[in-house]
Structure formats: structure tokens, C-alpha cells
Ligand code: HEM
Ligand SMILES: [Cu+2]
């Protein structure tokens, strides 16, 4: 391992040696498959989500190539259907959320001063499931069996009689499979943030990024079941002849739409919220001050995540609700803009009051604010019902949500990549290259999506594989395609920048940006145990705070070194008072086996090999039973009254 | 200050704090669910009465009661804010005070937001005939 | 009067208002509670779908050709499933005092009760299948999917209980200081019970309202 932290004060070499002995993993194939280290898992999430992003991005590039000029023949209608569906589905489910969960996995334990997540093996399991579910869905594309009904898969088009073949079975099963990963990851974040914070980190000292991740996790816990129920019913309808969405049998197609948007609207915030958290994490380092109005941002995070559950009906304008019912929801839709606005103004104030250090991460943050505000502006236009009805299902909508999603998720993700790259890899990136990537990205983004507003207003519908020339759409489409290629180049530059940093980058110091949160107190890259001494937190900006720093050097105490065994500290829920030192689990194959058994289950359900599916279920149950099997302990230790 | 509060009192205080923080949110959730399903079901059944009461009055109840609950929550949050401020200026050195104070600030603003949503819903009840499509 | 006034004043003092609550729960408790929360939401979605389809369907529900569900058997099932939480509680309290026999006995009792519930559900299905199936119409789909999904949860709960019982009988598993798993299984089982009440109301009682 690369670096050693200075060994002053209360921690000595023996402690460090013992910590290394308990936490280090050998560099072997076995260790690769069994690791439960949140940093490795976080890195894997990032790389895997990046890979799915590349696939989804390439799909978009192919679509844009097809649409560059009228009546092009690059894609057949059927291929186009599969591509835009896979693009949307993968961007939302396989890229945005897992990418942000990857940052969360890497960073949350570091930011709260812990040595791992609350459930490290569950964490590993979540990653494997994510990987397998993603491969499961993408693998259908070469077979021409990919989902083809748009990312929200409306009924009745998702029904067997209208859409035969495996397409929508892949969609339903793939998302159910993925849901296991997302749910377990979310629960892990919540429990980690509640119980593993360093002593002294009471709720008013929790970093905003952690607040954002936890709020996201709560939204996942309460929103995802709606999607899961929906997809389970869809699969039953298609495969086993139930009638949930089939009006002929007493079902109702709107049931799909309702359940989907009960999930879908919170999902917009599930995607954007961690991005906003990244922004709040990046700003202090490059403005040299804390984010203005910490309690207000916490309020915004909490309020948005709650209100987001009460606005789903606005996706269903044309479904004939009584006006009064509708207005209960639009009241919420209106008010939800206030906390979003609070956040934007708090960031602007932070930049105004701080001393700006214009490095690439900050550039991406500024790009985020510009783009996101523009997206919000076109979003506000939809509130005018006649306008909404006019542009629904046109390219105007496509432009709008790409502004929101690229603004709210992709810009922050890129900011996060550059910001934390030194921490994750231990290497600095090349600033010049990064600036090129930023400007190309910013320009490419607007060149791609701004014209879509116009061709949308000129009447071009979304989800068409081609169009006739001379309708006033040609120039806009061509410009948009050029923009897409610019975007591709900029993302390639980012990739090159990352690879270059890993290969050739200058070694990064522990705290290259003079950041405020605890991850900058750990080595770059962090030791397997993160912190030789778990800090005692005295303020909201622990790394800028003398007393917190002192608690890990001269003030280090045995109860925070915990070098006897693989241990970390559990603290109380609200005020983070020390409770007990807890033993953390060793590496294990079981997460991989469990995820593999689930993969077999979903594949055999897809292909209707039911006996194999049953065998897989038995394997799942047996693995779980073995996983949770209690170790045998002597009766005195257990406390058994004889 | 005087003696340490006993366990019952502490429990009450802790619950009160959470009422101050989340009361408005819960009230709003109840309001949306109740008002929406009342309106939807009554209109689907083709009547503007709910077990004898005119629909708009029933809806009014589904606005007023949650609004009062949110108001109470707002007052509690303000109370917590004020008490913790006083305890701090009196120099009580309890780290939990900073935490409950922050939660109080969050609670005050959150309750204002949720109260606003509920009140807007109430205005809608007065403006729209319940079953107009 | 003054006494009560004093209590109110104390509860609204800064000290009391800053009481840490919740506090001291183990990670596994939180994990199980969050899991149950997401599962409960799933059931809420299913039951919500029931009411949604029912009210969209029209005046006659269940649809023509299907009679209102009979109540005797489901009530008997309820009378078996609900009390089955009691032995679990008794067992959990027992193991907190290190009394392993109470754990074993209580879990065994619950296991028997849960199994009888499933057997009764099997006979109930047998009756219903003569009248309608999963594929007859939306009513049939809802009936079998909702009750079947709950039955699946009972089965999972029973597997957990059986697993606990085996681990406990092996020895060296649980005691006064180690009973997180027992508590978590108990939480899950109480959840499965509670959901049944909601299902009983939705599927069996609400068509008669
Ligand atoms: C990186 C450059 C991107 C390009 C060039 C691009 C381009 C496109 C195109 C051409 C469509 C199809 C429009 C249609 O035929 O209706 C589309 C749809 C979509 N995109 Fe993107 N996109 C990009 C990034 C993203 C990102 C980052 C996200 C989300 C995080 C995203 C989410 C979606 C969604 C949800 C759809 C709708 C799919 C559907 O209609 O079902 N896109 N995009
Ligand atoms: Cu929405």
C-alpha cells in the first residue's frame, strides 16, 4: 500500500500494523470476488455505471446519426424503438442512480468518519446485482429483444397482444432485478448514516452530501415499491394471463400509469438530489467557505423528498380527473419550487460571498446552475395547461428533460469525478485537458438540446425514427446531431483524462483542495481502514477545524483507534454519542453467489425454464440461511440461564 | 436550571420535537389522501354528498383539520427554537441543543411550506365546484 | 393543577425537547425496520390497485358470476394468524432473560400456527378455484395475487422461524446478550400478521360494505 499517515500522538506503529493486518485484502483473484470494502465497491459502481452510460450514450449517438437528415436509413423503426427505450431506461436506471450510489458508497463512510458501511456484505451483494441486472437488460439488445415501449412503458402497448416477444418481459424482470440492488443499497445508506457517524457528528454537523444521499435513500424505500408492484403485475399479465391492465378483463390501463408515476416523480428527485448534494459538497472547497444557510438546505432536501410524493398526477393531464382533485396536487407542484429555489439562491450566495477558485469542478458546478435553471424555466412553462397540451410528446419535452437531467445529474457527476478523482485514485488529473472537456461539454450540451426546443415547437414529435424533409425540422436536427458528436468528444476527453491521471498523474496529497469534510482527512487513496483514528467531530467543517484534527493526533484515544480486530464505532442516532465498537464482517463469496443465483432465477423466468427457476430460489434461500447463520459461541458469552 | 427531567418527561419532550419537525408533513399527507379520495370517490359515485354531508363541507374538514395540525406543529417548532435559544444564551453546554435547534429551524420552514400547500387546497375547495371536470 | 403545569413546563424545557429519540437501536433493527417499511409500501400499492380497479369497474363487485367472499374460513384463518404473534413475543422476552426453552417453545408454537394458516389457505384456494381463477378477470387476478403474495410472505416468515429454531436447537446461538436475529424475525412476523388484517378488510370485508 502506498502511503503511511504520520504517527504522532496517541497512535503508534503497532496500532497501524494491527489495523493493516485486520483490514488489508491480498491482491488476488479470490479477494477480487469476495471484497466487502466500500471503497472498492464504490469504485466498481462508478466504473460499471460509466460503462452503461457509454452504451446508452452510443445508442443516443446512433439515434442522432439516424436523425441528422430526413429519411435516413441507418436504423429500422424497430431498431429505433429499442434504442430510444434502452437509452432512456439505461440512463435513468443503470446510469444516473447507480453512479450517484457509487459516489455515496465511496464517500458516505469517509465523510462521516467510519470504516465501512453498516452492512458491508449487503453492499457487495447490491453491486453484483446491479452489474448482473444491467448486463441482463443490455444483453437483450443484440438479440433484437430489447424493451421497445419507451422508458415508461405505458399500457396497453406493454401488453402481450400488442407487443409480443420478450421485449417487455426483459423490461419488467430487469427492473425488478435491479430494484433489489437499489433497495438494499438505500437501506444500507440510511442505517450507515444513522449509526456509524463519528462521535460528535450530531445531525446539525452532517455534511449536506450525506443528507442528500439519505433523503434519496428514503425516497427509494418508499417510491420503488410502486414500480416493483407495477412491473410484477405487468409480467403476470404478459406471462400468466392476469388482467390488471387489460380492460377486456376488467382491468385498467391507467393503473399502470398511476403506479408508474407514483414512482416516477420521486424518481426525478432520486436522480437529481444526490447531484445537488455533490454541488453542496464541491462548493466549499472552491469558495473557501461553508455553504450559506446550512439549515435551509437541509430543509430543502427534506421538504423536496417528501413533497415529491404528492405531485404525480401532473404527469396525467389528459386523464379526466375532477379539477378540484387536480388542484390538491398542483398546490404541491407549485410549492415544491420554493425549496428548489432556496437551494439555488444559497449556492449563488455562497459563490458571491466566497473567494472563487476557478478549477474544473467549480466550472461544472456553474455549468450545472445555468443548465438546470434553464431546464426549470421550460418546466415552469408546462404549468400553463394550453402550452403543455400543445407540446406534449414533442421534441420540446425531450429538450426540457435533457436540460434537467444533464443539468441536474450529469454536470454534478462530472464535477464529482474531477473533484474526488484525487481521493479515489490518489492521482491528480490534468487541468488543461479537463478544461477542454468542460467547454466542449458545455457547448455540446446546448448545441445538442437547444435546437430540440425549436423543432419541438415546430411540431416534431418525439420517438419517431425519421421525418420528411421540408417541414422546417432539417437544420435543427442537423445541428443537434453535430452537438451530440461534440458531447461524445468531450466525454471521451474526460475518459482520457481519468485514464491519464491513473497512469501518469502526479500523486495527490491527502487534501489537494483544502476541502471541509472528513474524506479530506484520510489519505489519498484512503487506507483500507479509512481512518487510523476515528475522529471526534467538533463542527460542521471538521477538516477545517483544529479540535477535530487534534482528536486524531495528540488527542487520539483507544476507543477510537480500535486496532484489535476489524472494528468500527457505532454511535447514537441523533447526537452521535459513542455506543459501542462493532466487529465488521470479513470478505465473503456469499454476496456473489446470492446475486448469481438471482441472475439464474431471472434468466430462467424470462425464458420460461420454470424448474430451473425453482432450483435458483432454493439456492437463494440456502445462501441466505448460511449467510445469516449465527456463529457458535460459549454459553457464558451469550448469557444463557440454565 | 433545575433538576434533570425524568424519563416520562423526556419521552414527551422528544416526541414533541418530532411533532414540531414532521407534523406539517404528516398533516399534508393526510390532507392530500383524504381530500383526493373523498372527491374522487364521491364524484365517481355520481353524488355530491358524502353520507349526508355536502361534499364541499366534507372536503373543508379534510382541509381544516390538517391545517390546524400543521399550525400546531409550527407553533411547537417555534417554541423549540425559542427555548433552545434561551438555553444557549444561558450557557447550557449540551451538544444536543445545537441539534434540536437546527431541527427546529427546519421544522419552522417545513411547516410553513406544508401549511401553504394545505391552505391553497382549501382555496381550491372554495373556488371549484367539486365534480367539475 | 400546578403539578400538571409543572409537567408541561418540564416537557417543553430545552433539556426535554433535546431528548435523543430514537436512540440506541442496533443496525440490524434499523435494517429490518426499513425493509418492512418498503415491503409495507408494496402491499399498500397492491391494495390500492384493488380499490382503484374496483371503483373503475362499475356497480357490481365482485363481477357477475362470482359471489361475495364467504367469511367463515378467513375469520378462522385470522383467529389463527393474529394470535401467532403472541408466542413470538413470549419467546423474545424469554431469550432476553437467557431462557432458551422459551425461545424454542414459542417459535415452535408459532411455526405450527403459521403452517395451519397456510393449509387453510390451500383449502380456501381449492374452493375458490371452482368459481374463478387467476385468469378469469381482474377480480380473480387481484384475489389470487394479493392473497398469494401474502401467503408467500407467511412462507418466508415460517422459513425464518424454522431457521431460528434450528439455530437455537444447535446451541451456542442465542442468549441474553445475543438476540438481534430473534428480534428481527419477530418484527417481520408481526408485519406479516398486520398485513393480513389489511388484506382481510380489503378482500373479504370491503365487498360487503
Ligand atoms: C449524453 C448525451 C445524450 C444524448 C445525445 C441524448 C439523446 C437522446 C435522444 C436522441 C433521445 C430520443 C428522442 C426520441 O426519439 O424521442 C433521447 C431520449 C431520452 N433520453 Fe437522452 N440523450 C443524452 C443523455 C441523456 C441522459 C444523461 C439521460 C438521463 C440521465 C437521458 C435520458 C433520456 C430519456 C429518459 C429519454 C426518453 C426515452 C423515451 O422516450 O422513452 N439522456 N435522448
Ligand atoms: Cu413529475
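Glycine residues also receive a Cβ, built from the backbone N, Cα and C atoms like all the rest.
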As TrEMBL has it, transmembrane segment corresponds, among A:362-384, A:500-522, to residues A:362-384
Among A:326-350, A:526-550, TrEMBL marks as transmembrane the stretch A:326-350
TrEMBL feature transmembrane segment, matched against A:170-194, A:570-594, maps to A:170-194
TrEMBL record, transmembrane segment, of the ranges A:206-227, A:228-249 the matching one is A:206-227
For the transmembrane segment (A:268-286), the distant same-chain contacts (Cβ-Cβ under 8 Å, at least six residues beyond its ends) come to 92, 96-97, 100-101, 103-104, 107, 207-213, 215-216, 219-220, 223, 297, 301, 304-305, 308, 343, 347, 350-351, 354, 356-359, 361-362, 365, 368, 404-405, 408-409, 411-413, 415-416, 419, 513-517, 541
Item to complete: Could you check if the transmembrane segment (A:170-194) is in contact with the transmembrane segment (A:362-384), meaning 3+ Cβ pairs under 8 Å among residue pairs at least 6 apart in sequence?
Response: no
With the cut-off at Cβ under 8 Å and a gap of six or more residues from its ends, the chain residues touching the transmembrane segment (A:45-63) are 74-75, 80, 83-84, 86-87, 90-91, 94-95, 98-99, 101-103, 105-106, 127, 130-131, 134, 138, 417, 424, 484-485, 487-488, 491
In contact by Cβ distance (the transmembrane segment (A:362-384), the transmembrane segment (A:433-458); 3 or more pairs under 8 Å) = yes
> If we call contact 3 or more Cβ pairs under 8 Å (sequence gap 6 or more), are the transmembrane segment (A:83-112) and the transmembrane segment (A:396-421) touching?
Replying inline: yes
Same-chain residues at least 6 beyond the ends of the transmembrane segment (A:362-384) with a Cβ under 8 Å from one of its Cβ atoms are 275, 279, 282-283, 286, 330, 333-334, 337, 340, 344, 347-348, 356, 391, 396, 399-404, 406-408, 411-412, 414-415, 418, 435, 438, 441-442, 445-446, 453
